[in-house]
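Visitor: After the structure tokens below, expect a handful of questions from me.
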Amino acid sequence: DGVHVVAITDQVVYYCMTDGAASTGNYVMHMMGASIPSQLVPRYGVPCAIYVPNHVAVQEPVLLLTTNAEEESDGFFTVDPVRKLQRQMARGKPATGLNCWVCGSHSSLHWGLKSGKPNQNLQENVLTLEAELAKAQTRVTQVKNEADRRLRAELQLRRSWKKQQLEFEAQLATANANVDNLTIQNVAIMAQFKEMETKLAHDAVRHEQEAGVRVQYDQLCGQVRDKLSRVDDHQKILEQTTKSLLQQLQRNSQLLKHDGAETNVETAKSECVICRDRPANTAVYPCGHLCFCQEDGEKYQNHLRHQKQCPVCQVEMISLLRIYAP
């Protein structure tokens, strides 16, 4: 009628009055109850029905709402009055519950009726109480069975949890042992790595030193070869000088043999000019005078501080040569 609006969703029923504001379309809906899920509608019918009861004195529109329905149990009807609801709807099915699901009071309070006086028939009361007791005992048995089932499930879960906890602790201990072993291996590998680094450094230094020594050895060998070549040259020069001196001595000897007058003088000259006792067997190079014995020649050469000269001709003395007579 444009005044009362009822909205039924999946599980909630909303209601509002438009107060003539239907033209705007903006309504404030208020929750007034809960309905059954949409998948249970084929079993329980339309979740909501609005009608006016015709067998009571109070002619007031009421809302009949199917609620508290489950797969294994019967649902109940919530009966609430709706003010000034003029439209009548004859849908739904009779209520199977006695109390309002929304407010918790007896459904007859919404109909304006008063409950009758209790029946005085004791037999009926006893039967009713026995039936209720049987229902209560059945319910208690169901509750106990459910509690036992849940307790067994809880114990099973606890055992499973304990088993998994022990397995995880064992795995954790194994992982920790592996970590310790890997740590020890890592320390050993690092020590070996440092040792190898030190060894490589020593090898590099040793190779460098060997290379340097080899270079020095090659240099020294070259110098020795140069000196040996020079020694050969000096030896050749010395041999030539000795030959020339010997030739000169031979010529002088021949001259002395032919010169009889100077024989005594030359004989005197063949004696050492220092000691006058031993024969002269050491000649002065380069003049060739035979004027020293071996001992006095060495003393003269070693102890003379000033410029060394031949005692006969005063020519600079370079060296002394030992002369072996034939």
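Using the three backbone atoms N, Cα and C, a Cβ is placed for every residue, glycine included.
Automated prediction, rather than curation, is the source of TrEMBL annotations.
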Visitor: Tell me which range among 91-118, 119-146, 203-230 TrEMBL lists as coiled coil.
Guide: 119-146
Visitor: Sort out the residues at least 6 away from either end of the domain 'RING-type' (272-314), same chain, that have Cβ-Cβ distances under 8 Å to it, and list them.
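Guide: Non-local partners: 241, 245, 248-249, 320-325.
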Visitor: Summarise the domain 'RING-type' (272-314) by DSSP state, stating how many residues are helix, strand and coil.
Guide: 10 helix, 9 strand, 24 coil
